[in-house]
Amino acid sequence: MTDPTNPARTRPGNEPLVDLRGITVEFPGVKALQDVDFRLFPGEVHALMGENGAGKSTLIKALTGVHALDTGEIHLAGEPVSFAGPAQAQAAGISTVYQEVNLCPNLSVAENILLGREPRRFGAINGWAMRARAAKLLSRMGLTIDPGSALGNHPIAVQQLVAIARAVAVDARVLILDEPTSSLDAGEVAELFRIIRVLRDEGVAILFVTHFLEQVFQISDRVTVLRNGKVVGEHDTPKLSRITLVSAMLGRELGVLAEVERRTERRAADPAPLLVAEGLGRSGAIEPFDLEIHAGEVVGLAGLLGSGRTELARLLAGADRADTGRVLLDGRPLRLRSPRTALAKGIAYSSEDRKAEGLVSDLTVRDNMILAMQAARGWARQVPRRTADELVASYLARLDIRPANPDAVVGTLSGGNQQKVLLARWLITRPRLLILDEPTRGIDVGAKAQIQQVVADLAADGMAVLFISAELEEVVRICDRIVVLRDRHKIAELSGADAGVDDVMELIASGSTRVEVRS
Amino acid sequence: MSNRRLLWPALALVALLLLNLVFTPSFFALRLQDGHLFGSLVDILRNGAPTLLIALGMTLVIATRGIDLSVGAVAAIAGAVACTHIADGGGPVTAMALALVLCAVLGLWNGFLVSVVGIQPIIATLVLMTAGRGIAMLLTEGQIVTIDDDVYRQVGAGFLVLPIAILISLAVLGGVALATRRTALGMLVESVGVNPEASRLAGVRARTIIWTVYVFVALCAGVAGLMISSNVSAADANNAGLWIELDAILAVVIGGTSLAGGRYSLTGTLLGAVIIQTLTTTVYTIGVPPEVTLVFKAVVVIIVCLLQAPRVAPALRRAPAPPKAEQEVEEVAVR
């Protein structure tokens, strides 16, 4: 897209700080980036959008010198540059904050911010000066964190902000944020955005990668969309419609999304509940709550991060033990001692932490899919190879998993496909209640729509689904009933038909003060 | 993938064997005498049988992210139990059964500490590594118990064309290979090793699996201990199976199984065990001065490990990449 008439190409009185021209990066067998032009201006927040595998990460890595360019050149403030690695890029003022916080939790906040460039006196680290410098930096960002406290004692969100502080500590002119919000709740995102705006107003050029459409419109000034390694659009955000953006990313009309968009008509759920929780609770995790789930309905759990969504789900799945209350399945009391007993009773739980609690990353797609089924049978009765192959093949097709190769090592798949493999693992056990904790987090729009569709289909077939998501739009769209949590309490239950995002948001916000960053 | 991983150990083994051939032209010669097969290659396998046995068990333990340091002590206990029983007038078969039952109990103890109490494996098995020799000393009352029993001698020194020790360890190798492939044990062991929490949430009885592998490695150590003591018709509480745990762990590592758990290779372990034993033999045949034998072994082991190291191996396969690019080369390869 090098259309000179495109208003986004010309920005009066301003030269691009970063100008990538004709970038091509090839990996064996793949053109990860193909003739990509990309410009970043000082004092703008620029969102980089695209599905998984579109080339976002490759573009960032090409810019920061991680990947060598096959063709093309990089200009920084008008000068051609070439970085041999991230350290050189950083020295030139390009700092990157990755999705996962790469800091040392056992060191103090100040030490983390200034790691590798500690102020020294007589050859030793000057602790006093270090804390002072860190404190100055934090206050510039409007953060009230004690620089001397251990980083590990802070929540992930604060650690993320510290990572940003570390990135700007080197007088960064360009700040790259690679999915910084994927593990933050709404309040924390707001805090992050406030800081992003502060930095932007100081003239820092910010490149922002995210999967959340809402956030793109909230924070970004311009958007560049990548698809299959090519730039398919460069837009001013205010002039961009949501549909244009999504269809540019997907490269197809919005059939899939629209289909899920309409609330699926469903048969009336069974009058007798499948599962009832009475006063179920666990101290320090979730206050006692009541909950009914019927076969054929999708119940959503909404609330901020840390509101007890996951904790509630883990009690129902036997992953944690409740210390009060009881669970009835088909009206009969059920003692959930372990995930194993829950699975035996038809309750499957897909954890929010795909990497740590879901995938067995070194094993193949096949092994990952049949793991739960095999575990239920015990080690002595191996799932016959043919049964396994048939099941795996059918789910590869049904969930549109790519590559459709049962022998691929699961760790090499993209996030969306990994999530689908996990979904297949639980579906193979033929659960009666499927608990999905953030099944669409960090995956691309296409896979997200597919997973939402699968959830709707499963419910239509009579499965009960407990659906947890930080994205309220998604919860409202696909759930029949929404349970709202706040500060580890269940505070309300809405019927999906008359619930909108605003209603849920109001409930979550009601009576609670602004979410503050703890120090 | 696993084939390529085994390439370097296999080449190292071939190189070692050829080195021996240069110094001893008759090195590969085999001769049949009184229906017994003799030769340097047979000796290597026979002397390496205890290490191989223990290394097989160790492979599964390491695949679950564990380690068992107590196998040498357990081997000593097995020998001590069997020999004292025979010395007290007991039959050789009951002696061996008694020894193996005790080993299974010791394995249960290790498994209990690791999977139920949750102590780190290296610490949990250190307990028995140090205490075990004491137990063996108690059993033998501090003496080297010598016995004279023809049946018992067969285990370590007997022949059925090939030495019985070789046959036993190959049978166990075949048994483990079958048990892990024909059942889901292999997959579940790997799954627990790669991601214990994900396995638990998927309903895998991780505790049972971990317990099973520790009992299995203890049984392997027990059989190895019987071989060692049978070979010399004596139980030496202090020296039987001394440092064999380290050889076994080394064999597993040379075979390409990561100490971080997960994917394992039984063939690799077999190769590793044979390499270690060949190395010991090589030291004698090429006449390495005794004072530097350990250094010689260490150098060979370091070379084999380096050849397999993820940072070094790609550099050897292609033109040397600039040092900074190494990490990226890995990342790209993963895609």
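Using the three backbone atoms N, Cα and C, a Cβ is placed for every residue, glycine included.
Just so you know, TrEMBL annotations are computer predictions that nobody has curated.
For B:45-62 (among others), the entry in TrEMBL reads transmembrane segment.
Per TrEMBL, transmembrane segment is recorded for B:69-87 (among others).
If you look up TrEMBL, you'll see B:93-114 (among others) marked as transmembrane segment.
Packing against the transmembrane segment (B:121-139) from elsewhere in the chain are residues 61, 65-70, 72-74, 76-77, 79-81, 84, 106, 109-110, 113-114, 235, 237-238, 240, 245: each is 6 or more residues past its ends and has a CB under 8 Å from a CB in it. According to TrEMBL, the transmembrane segment annotation covers B:121-139 (among others).
The feature transmembrane segment is assigned by TrEMBL to B:159-179 (among others).
What TrEMBL lists as transmembrane segment is B:209-228 (among others). Beyond the ends of the transmembrane segment (B:209-228), by six or more residues, the same chain brings 49-51, 53-54, 56-58, 60-61, 63-64, 66, 68, 70-72, 74-79, 82, 96, 99-100, 102-104, 106-108, 110-112, 114-115, 155-156, 165, 168, 172, 185, 188-189, 192, 240-241, 244 to within a C-beta distance below 8 angstroms of the stretch.
TrEMBL lists B:240-259 (among others) with the feature transmembrane segment.
If you look up TrEMBL, you'll see B:266-286 (among others) marked as transmembrane segment.
Taken from TrEMBL, the feature transmembrane segment covers B:292-309 (among others).
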The transmembrane segment (B:240-259) touching the transmembrane segment (B:93-114) per 3+ Cβ pairs under 8 Å rule: no
Top partner of the transmembrane segment (B:266-286) among B:45-62, B:69-87, B:240-259, B:292-309 - counted as Cβ pairs under 8 Å: B:240-259
For the transmembrane segment (B:292-309), sequence-distant contacts whose Cβ falls under 8 Å of one of its Cβ atoms, 6 or more beyond its ends: 5, 8-9, 12, 16, 250, 253-254, 256, 275, 279-280, 283, 316
For the transmembrane segment (B:69-87), distant same-chain residues with Cβ under 8 A (at least six beyond the ends): 50, 54, 57-58, 94-96, 98-100, 102-103, 106-107, 110, 122, 125-133, 135-136, 139-140, 145-147, 149, 152, 217-218, 220-226, 228-230, 234-238, 240-245, 248
